[in-house]
Amino acid sequence: MDTNPEHDTKLDQLLVSRVLETGQSHAQNGTVHPMFCQMNRLTETGGSEVVWMQVARWIKFEEVLDEDANRWSKPHVPSLSLDALTTFRKDMRHVPCLLDPDITDFNSLVDKLTLSWVQGGYLDRAYEDAIRLALRKPHRHVHERKLPRPVSGSNLLAVRERGLGGSSVSLHSLESHATDNENDSNEDGSDASSYKATPRTNRKNVKIQRKIPKNAVATNILIGELTTLRRPLMAFVRLNPPRHLGWLCEVRLATQFMFVCLAPDVIEDYDVREIGRCVGAIMVDPIFREVAENSSNRFEILAGISEFCSHLTALPPSVWDPKTRIEPPVKLPKQNYRRVSTKTLKERRESRIEHVDEEEGLRRTGRFFGGVIEDVKRKLPWYASDFKDSLHVQCVASTIFLFLATLTPNVTFGGLLGQGTDQYMGTMECILAAAICGVIFALFAGQPLNILGSTGPMLVLEMIIYEFCRDNSWDFLPFRVWVGLWTALILLLVAAFDLSALVRFITRFTEECFACLIAIIFIYEAFAKTIKINSDYRTYFGSYNHTPSCPASPATFPEDADSSGSNSNSSSLYLPLNTTAASLLSNIYDNINNTIITNSSTANSSIFNTTAATTTTMSSTASLTGTNSSEAGSACKEYVPDVFLLSFIEFLFTFVIAFTLVKARNSIFFPNVVRRMMCDFGVLIAIVIVVGVDAALEIDTPKLEVPEKFTPTRPDRPWLINPFSDKNPWWLALAGVLPALLATILIFMDQQITAVIVNRKEHKLKKGSGYHLDILVLAVLIVCMSFLGLPWYVAATVSALAHIMSLKVESDCAAPGEKPEFLGVREQRVTALLVGILSGLSILLTGILKIIPLPVLYGVFLFMGIRSLDGMQLVDRFLLYIVSPKYQPDYPYLRHVQLMRVHLYTLIQIMCLAGLWIVKSLKATSIGFPLMVLATCFIRKLLDCLFSQEELTWLDHLLPPLHSSAKFGGGGSHKKNTEVTFDQVITMETKRRFSLFRKPVVRLPSPFPRGERTLMETKMRRTVEARMQDCTLP
């Protein structure tokens, strides 16, 4: 773009970094103000009235006025003209640049601009008043189009060359209006009388201002073409502090920057529209905005423009149409890489080391219970906010969703556990365990976003312990108390010696295998339980004229029942099954019964030839024999039609409605507030809709069954278990350590893998984790559950992920075209606390819960399982097997790792997942499931021999070294090597690029005035010398 050999791009970047450092050190809040940019064009309307017409605006993306459609365009990424950008950059070297001028209002600013143009020789004094009058012309904004027209009655949008095409204005026409507007001014002197006379001056664009971030300032760009100008007029103004310039801006914001560009219409290559668009795109750039706000001279602003241009991307005209509007990206790129200062590099290096060591509190302290103490110190300052942050309607929706999503597994798990332990622990015990564990864990845990629940391996372990006791005629619950005490003791030692730091060896490889397995189990069980309904309520797929039936006693039928002939040989002896509720069809039955009695056998024969007759035979037969419909229904109560079909429909509809509503947050329909409410209450809305339809149809689908009395499932067992029993030998108390070791591995792996998944950096948690504290709380809970004879609960992966997803927070204020930004998770303790309380109160809510069909809750299971797979890298890599390479998504790891290597890594991960499934599914091997999960960590270690460290960096996380220092957790030598690398890069680059500054003179481009050039040379020399001193070799 700029071929001047004296202009060095690296020098510009160096000056920009210095300005950024200076601005951050002097700024009160450390950040610059958000920017709203507006471009107005001098336009002559159909009534020969000259106004500044708004033609474009920027918040983060560009919007232009589509004049023919009379509306704003869709927000898009601006594509800039390289020629216009070069012209702007070249002219900015010599045009007036007013930094922090002493002005009071818009009139004084106009006077300063015209004076600077006259003094610089850009404008003849003969046209000074005309230019001043042109700048004070009224401004018209797009949102005023529905308001009354100006006094002249002309249509402001009916210009000769509409919109961005604009029209040239004669200076003589401006002078002809000078007499009329001479004595008129608006409230701040910025507009003419015709502008003030219209009622539109009383309104601002409130709608667009809601989308602008708080503390924003405005940039006003004024462009136009004047017929009798000799040369272009350009000026850049910065106001400090920002000032309100009346109705110059369409929103109520103070103006901080102003750019004016007026050009004669005879210059064909000078496009003021494209220059204005370049200025608008530059001003909304966060780096240049910070440079412009903190610059002290013109040269630093030019350096900011050059730095912006150095990061531009050009599109070839042969394959790209500049008129094409580029869609805004889903996620805006980070701009930190443009800050190349030593301070920034040092902070980035330190944050990287801190991320390795302090991430999730996985550093070993070397003290007894040191990790627990660190977790308490980390979480205690946030404890009060854990309750205040829950005051949001999103937490209400999350609580109801999680309560229903966890109640069904507790009831189902209780039924299976009761069958496996001879009802020593059943549904009531599971509900009570969920209540106690949920409340205590929510109040005292280090990561309250985890949800404790039942797991399949824990069920297998409980059944093995029971069968071992039953075969030896020992008491089950007393022996289980000793197993629980040994398990709690081992977990207490794990917390005391900071052994939870071993979690750092659990990488994405193990996380995804475990999480994907649990999600697939949820999906599989949802379909399996729904299909199992068909075993209780079978579906008939045979001929409709020969429906299945149950035998009825021949003695109950009258003797003339056989008079209908052979056509009724089966119907007279069997009760047809495709009947509906008698209460709904009682009137029809009576009418048909009368018809049968009146029309004798002929009518009876015709009835059996139609569907309606087949439906009503049972009622008519019962009437003839004196048997009512309820007695007939009781004889065949196990045959209920349409149950399985309706159950499957409810199952699918619950999932579809919930999934659609949750995905509606990013849809294009409805306002943002409505979409957010639909997403937060999506699952609850789906449950209410499907339950309402089920109640209206009055078909006896299977319902949720909750115990109605607070009593143990087995009447002969107490609530408090005595660990000593006459049937158990004394050495069982010591032998309990063997199953306790297996239970410890299972509990540790389930709990900590779920915690690692919850604490992923993608979730942007701010309050830290508590691995050591969680283990300590879990040990206490296991002791309590053992003495109460309740099942042991650990972190449930799918429930915890569902909890996280239901509490996601996105940005409220989004600029036009900007996608809502994920801000993090609403971290608090109240939702998990309320879920535990509601679980305990579920016995009192039996009247409400018993109307919820089980297929509805199975649909929630399916929703939770599929939502857990959403965004999982293993799933994305698996789909690459069936996607053509040219249509594959642009994943980052595909840019750095060969596709065959990606497939090989995915295949190994799928084989581990299959192994986990097989071990879990077989009863003989299910007890070894925790060992198989632990084996995946060793398999990940073996991958270091098969894949390079660079490949594993993109596909997974690097494993920390086995021998780590106490301070840096495996990065003891990493800090030293990193410092040398960055310092050497900075030093070599600086000395190579800026060696010319060792000369006694620094040359600047000639267009600068002599005095200004001397001052900038001195300041630039000091800047470079200071920079050189910061970059010495170690």
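We number each residue from 1, going along the chain as drawn.
Using N, Cα and C of the backbone, Cβ positions are placed for all residues, glycine too.
Per TrEMBL, the feature compositional bias 'Acidic residues' maps to 181-190. Positions annotated as domain 'Band 3 cytoplasmic' by TrEMBL: 34-322. Under the heading domain 'Bicarbonate transporter-like transmembrane', TrEMBL lists 367-958. The region 'Disordered' feature in TrEMBL is assigned to 177-202. The annotation transmembrane segment is assigned in TrEMBL to 396-418, 430-449, 481-506, 513-531, 643-662, 674-697, 730-749, 770-794, 902-919.
Here the transmembrane segment (430-449) does not lie next to the transmembrane segment (513-531) in space: the count of CB pairs under 8 Å, restricted to residues six or more apart, is fewer than 3. The stretches the transmembrane segment (396-418) and the transmembrane segment (674-697) meet in space: the count of Cβ pairs below 8 angstroms, excluding pairs fewer than 6 apart in sequence, reaches at least three. The stretch from 513-531, 674-697, 730-749, 770-794 with the most CB pairs below 8 A to the transmembrane segment (481-506) is 770-794. Counting same-chain residues at least six beyond the ends of the transmembrane segment (513-531), those with a Cβ under 8 angstroms from any Cβ of the stretch are 412, 456, 647-648, 651, 749, 753, 757, 796-798, 801, 854-855, 858-859, 861-862, 864-866, 868-869, 872, 874-875, 909, 912-913, 916-917, 920, 933, 936.
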